[in-house]
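As recorded in Swiss-Prot, the features of this protein are as follows:
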- H87: active site, electrophile (ACT_SITE)
- E160: active site, proton acceptor (ACT_SITE)
- N1, K3: substrate binding site (BINDING)
Amino acid sequence: NWKCNLSKADIAELVSAFNAAPPIDAAHVQVVVAPPAVYLDSTRQALRADFDTSAQNAWISKGGAFTGELDAAMVKDVGAEWVILGHSERRHIAQLKESDHTIAMKAAYALQHASLGVIYCIGELLEERESGQTIAVCERQLQALSDAISDWSDVVIAYEPVWAIGTGKVATPEQAEQVHEAVRAWLANNVSPQVAASTRILYGGSVSPANCESLAKQPNIDGFLVGGASMKPTFLEIVDSYKATLAEAV
């Protein structure tokens, strides 16, 4: 997730590095790049086909008189496969403050009318963790999505403790695993055991080449939502580390 960063020249340089990397092994690993919307089309055209691309946001419904918004069908039209929805910055930045309901509406439209995969972000603020509300907050955010959709086959959940995003603070592998395990249990109890088993749950929050291996070894962590570290060629070290962890588990 490149967020609101990078110039056209920066992206060209980064894409060149990604294109020079060994094959992704897409049968076992997916790598999804989410550039700023203005660069989504050109990034999709420039990247190798074994990289997927994603928008960072989309509107709640079909396009129309919604200045500045992005119809999920437009994302699909330029060849992108995914959209990130509910990122903590969309939920909590004062000028945005997207509600659980709004995010769920966006997800439902993207899934049902644009056939995009949705990376649905959940996570707690520091004060919510300190008051013991982590699981309750995540379950509330999951319930909003469950109320809006019935087919979870194209949903990936990303748990991102807000206090760890861009701060250099990382949830310990044990802290992250505890939440991931609770998310999977919630899915089993409130959606279905099949959805719980098949849904990938990513961890996001200051993921780096230095800490990704210990996180990836946790049984319920199925990958990462990477921010700052994805804007450097060394992002490929995270990909390689995750692939190596998968190979060790076989």
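If you go along the chain as it appears here, the first residue is 1 and each next one adds 1.
Every residue gets a Cβ built from N, Cα and C, even glycine.
Positions of Swiss-Prot features highlighted on the structure.
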residue : record                       : contacts (Cβ under 8 Å, 6+ apart)
N1      : substrate binding site       : A34, S54, Q56, I84, H87, G204, L225, V226, G227, S230
K3      : substrate binding site       : P36, Q56, E89, G227
E160    : active site, proton acceptor : H87, S88, C121, I122, G123, Y203, G204, G205, L225
Where E160 (active site, proton acceptor) sits in the secondary structure, as DSSP reduces it to three classes: coil
